Amino acid sequence: MSKIAKTAIISPKAEINKGVEIGEFCVIGDGVKLDEGVKLHNNVTLQGHTFVGKNTEIFPFAVLGTQPQDLKYKGEYSELIIGEDNLIREFCMINPGTEGGIKKTLIGDKNLLMAYVHVAHDCVIGSHCILANGVTLAGHIEIGDYVNIGGLTAIHQFVRIAKGCMIAGKSALGKDVPPYCTVEGNRAFIRGLNRHRMRQLLESKDIDFIYALYKRLFRPIPSLRESAKLELEEHANNPFVKEICSFILESSRGVAYKSSEYSSEEKQEE
């Protein structure tokens, strides 16, 4: 049975599943759908065509599904789809998609979005991610699974961050980040590999292989793209080579890599 505060304002067109809790002074618009076990604390606003998955908890003053902050948006149909078991903390803002993107913003499962996180239109966030306080995502950003982003970090539109990456706090990131990399700075560059996450997700032999692969890729000569092409030719059947090198070759913004920055950090770690 759902538990709904008397002061909540809920459209009769909204779909509220069983076991949902809606706190005082929440506002729920026409196209909103709340799956089982969703919990809204007080003063949450949900608008637009917004779906919130099972057992997701949204804290006070979060605003989800309002019109995207894009001057090209003219009221066309778009969606915000949020998966299961997410924690969305105070004052978060998440916008739906636009006609100029994929027409939806997607958030996976088991993510933590801390206070004041902003997720702009057409972003795609995987699962098991942590976005710390004040992280700002511009439009069309793609974030893979198991990514951690430190507080007060700003990320440029269309940037792609692959699985298992760590972005240090107060960074300004304008380029793509391949799998398992650690990035820091303004402008942010790759400083090394995310050892902690790799140990959680991979076997030791696979970690060793990925380390060796990145050392080959990040040599000054040949270029990063040429190195990625060579690796794909020589190790076409290796899944890690496919994942990492294909990501590099598909990058439209370029990779956040500078030889001097990566090598200095790796030498310190070694």
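Yeah, the Cβs are placed from backbone N, Cα and C, and that goes for glycine too.
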To which of His128, His140 does Swiss-Prot also attribute binding of substrate at the site defined by Gln69, Asp70, Leu71, Lys72, His121, Gln157?
His140
Would you list the other residues of this chain near substrate - those whose C-beta lies within 8 angstroms of the C-beta centroid of Gln69, Asp70, Leu71, Lys72, His121, His140, Gln157 - in sequence order?
Pro68, Tyr73, Thr98, Gly100, Gly101, Ala120, Asp122, Gly139
Pairwise Cα distance maximum in Å, substrate-binding residues per record: Gln69, Asp70, Leu71, Lys72, His121, His140, Gln157:
15
Cβ-Cβ distance under 8 Å to Asp70 (substrate binding site), same chain, at least six residues away
Thr98, Gly100, Ala120, His121, Gly139
Sparsest-packed among the binding-site residues, when each Cβ's other Cβ atoms within 10 Å are tallied, from Lys72, His121, His140
Lys72
Taking the Cβ of Gln157 (substrate binding site) as reference, which residues of that chain separated by at least 6 in sequence fall under 8 Å from it?
Ala120, Ala138, Gly139, His140, Ile141
For His140 (substrate binding site), which DSSP three-state class applies?
coil
